[in-house]
Amino acid sequence: MDCWKGTEGRSWIYPTLIICANGFFSTMRPSEAFLTPYLTGPDKNLTLEEVTSKIFPVWTYSYLALLVPVFLMTDYVRYKPVLLLQGVSFIVTWLLLLFAQGVVAMQLVEFFYGLVTASEVAYYAYIYSVISTDHYQKATSYCRSVTLAAATIAATLGQLLVSLAHVSYFHLNAITLASVSLAFVCSFFLPMPQKSMFFHRKDSPETLPGPHKAGTTLDSHRPSNCQEDKSSTVSAERPAPEKPAEKAKPQNHMLRVLVQLGQDLRDCYSSSKLLCWSLWWALATAGFNQVVNYIQVLWDTRAPSHSSAVYNGAVEAIATFLGSATSMAVGYVKLNWDLSGELALGVFSAMDAGALFLMHFTENIWACYAGYLVFKACYMLLITIATFQIAVILSMERYALVFGFNNFIALVIQTILTVVVVDPKGLALAVNTQFLIYSSYFTVIAGIFLIRSAYTVISSKRRSVSMDGEIT
C-alpha cells in the first residue's frame, strides 16, 4: 500500500490510469443508442409523444439548473467527491431505468442523468489538479481518446448484441449498469487533490507567477492577458502573511473568488477572437444537443423499432469514429485560422443545416442515417477547431472557466429551444417539424459566420491597401 501511495505522489501515470479507467467504464454504455426503442417497447410501454414532450425535456432543464452549482461545488470540494457523486447518479439512473415504470419515474431518470452530465466537468478538470503541467498534453490526449474509444466500442457492442445475439434492451441496460458501477469503484482509487483551479489555488505554488510576470501582465491589454492576470491579481491581493486571516473568514474568501471569476470572464471575453469562437460554440452546441437528444425519436418515426430492424448502435459507432477521425485530421491542417476560421465555421455549419434538411424531408431511414453521420462529423470537426483556438488564448484555469460558461450559455439557448419547440406548454411540434426548425437554426448560424467572414476579408484587404498606400 505504501508503494502505491509513493507512486501516487511522485508520478502522473497512476492518477491518469485511474481517471482513464473511470472515463472508459462510465462511457461504455451499449444501451444508450437504443434508449427510445427501449422506452417505447414492451418493457416501458410509453408512447413517442410521452418520450418526446414529457420525458426528454427534463434532462435539458435539470442540466441547466445543476450546471452552475455543480461547477462551483466541483472546484470547492476538489473534484473527487463530485466524481463519486457522478458514479452514484449513474447507478441510480440505470436502476430506475431497469426497474421503475411510468412517466414520472422516467422523468426522474432524466433528472439524475442531468446530474451526471453536469458533473462531467469534474472528469475533465480533475487530472490537471494532480499532475504537473509537463504532462498536461499527454494526460488530456489519453483521457479524451479513452472516452471516444469507449463510446465507439459501446455502440458497436450494443449493435452486435441486438442484431446477432438478439439480446433484449433490458439486458443491454443491465450491462450498462455493470459498467457504470465499475466506473464508480474506480473513483474510490483516485488520489485526493490538494489544490483546485479557483477556491484552493493558494495550495499550489506553481500556479503563482513570479514578480516579473506580475509586472508584465498588469500592463498588458492583449488577449493573452487571460493567461496570467488572474494569478497576478491573486498574488498581489493576497500576500503570504495574510493567508491565515483569510482562512478565518471563509465567507469573504467565497465572495472574493466569485468576484474574481466575474472579472476573469470579463477579461477573457474582451478578446474579439475568443468571443467569436465562443459564440459559435454556444450556438452550435445548443443545436447539436437538441439533435442528439431527439434523433432516436426521428429514427423511430422513419423505421418503427417494433416492426423494423434497428441499427442505431452501428450508426452511433460510425458517427463517433468519423468524429474522432475529423478531430484528429485538424491537427494536420495548416491554415491561418484568423482569416479562415470564420469561413470554416460558416461553411461547415451550412453543411450541418443541409444534413438536417435532408433528415427532415426524406422518408428513407438510410438517408436519415447518412444525414446524421454528416451532421455529427461536421460538428466534431468544428468543435475541435474552436477548442484549440480558445485554448491557445487561455491558461488552463481560464480554459475551464470559459468551457463551463460557453456550455452554460449553450444550455440556456437549448432550454429556450426545448420550451418553444418541444414542451407541451410551447408549440409541442412533431419531431419531424422540430428538425425543420433545427435545420433553419443552423442555417442562421451559417449565415452569421459567412457574413462575418466576408466582412473580415474585406477589412483585411482595406488594411492591406491602406498600408501599401502609406509605404508608397
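Just so you know, glycine gets a Cβ as well, placed from its N, Cα and C.
Nobody curates TrEMBL annotations by hand; they come from automatic prediction.
These come from TrEMBL:
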type	residues	note
TRANSMEM	12-31	transmembrane segment
TRANSMEM	51-72	transmembrane segment
TRANSMEM	84-105	transmembrane segment
TRANSMEM	111-131	transmembrane segment
TRANSMEM	143-164	transmembrane segment
TRANSMEM	170-192	transmembrane segment
REGION	202-249	region 'Disordered'
COMPBIAS	219-231	compositional bias 'Basic and acidic residues'
COMPBIAS	239-249	compositional bias 'Basic and acidic residues'
TRANSMEM	274-297	transmembrane segment
TRANSMEM	309-331	transmembrane segment
TRANSMEM	343-361	transmembrane segment
TRANSMEM	373-394	transmembrane segment
TRANSMEM	401-423	transmembrane segment
TRANSMEM	435-458	transmembrane segment
So which of 51-72, 84-105, 111-131, 170-192, 435-458 is most in touch with the transmembrane segment (401-423), counting Cβ pairs under 8 Å?
51-72
Winner by Cβ pairs under 8 Å against the transmembrane segment (373-394), considering only 51-72, 84-105, 143-164, 309-331, 343-361:
309-331
Considering only the recorded stretches 12-31, 143-164, 309-331, 343-361, 435-458, state which has the highest number of Cβ pairs under 8 Å to the transmembrane segment (84-105).
12-31
Candidates 51-72, 111-131, 143-164, 309-331; stretch with most C-beta pairs under 8 Å toward the transmembrane segment (274-297):
51-72
Other than its close neighbours in sequence, what residues sit by the transmembrane segment (143-164), given a CB gap under 8 Å and a spacing of at least six beyond its ends?
16, 19-20, 23-25, 27-34, 123-124, 127, 172, 175, 179, 309-314, 316-317, 320-321, 323-324
Same-chain residues at least 6 beyond the ends of the transmembrane segment (51-72) whose Cβ lies under 8 Å from its Cβ atoms:
36, 39-40, 82, 103, 106-107, 109-111, 113-115, 117-119, 121, 289, 293-294, 297, 404, 407-408, 411-412, 414-415, 418, 422-424, 428, 431
Positions whose Cβ lies under 8 angstroms from the transmembrane segment (111-131), at least six residues beyond its ends:
12, 15-16, 19, 22-23, 26, 58-63, 65-67, 70-71, 74-75, 78-80, 82-83, 85-86, 89-90, 92-93, 96, 139-140, 143, 190-191, 193-197, 396, 400, 403-404
Tertiary contacts of the transmembrane segment (309-331), as residues 6+ beyond its ends and Cβ separation under 8 Å:
30, 32-34, 37, 148, 151-152, 155-160, 162-163, 296, 299, 303, 369, 372-373, 376-381, 384-385, 388
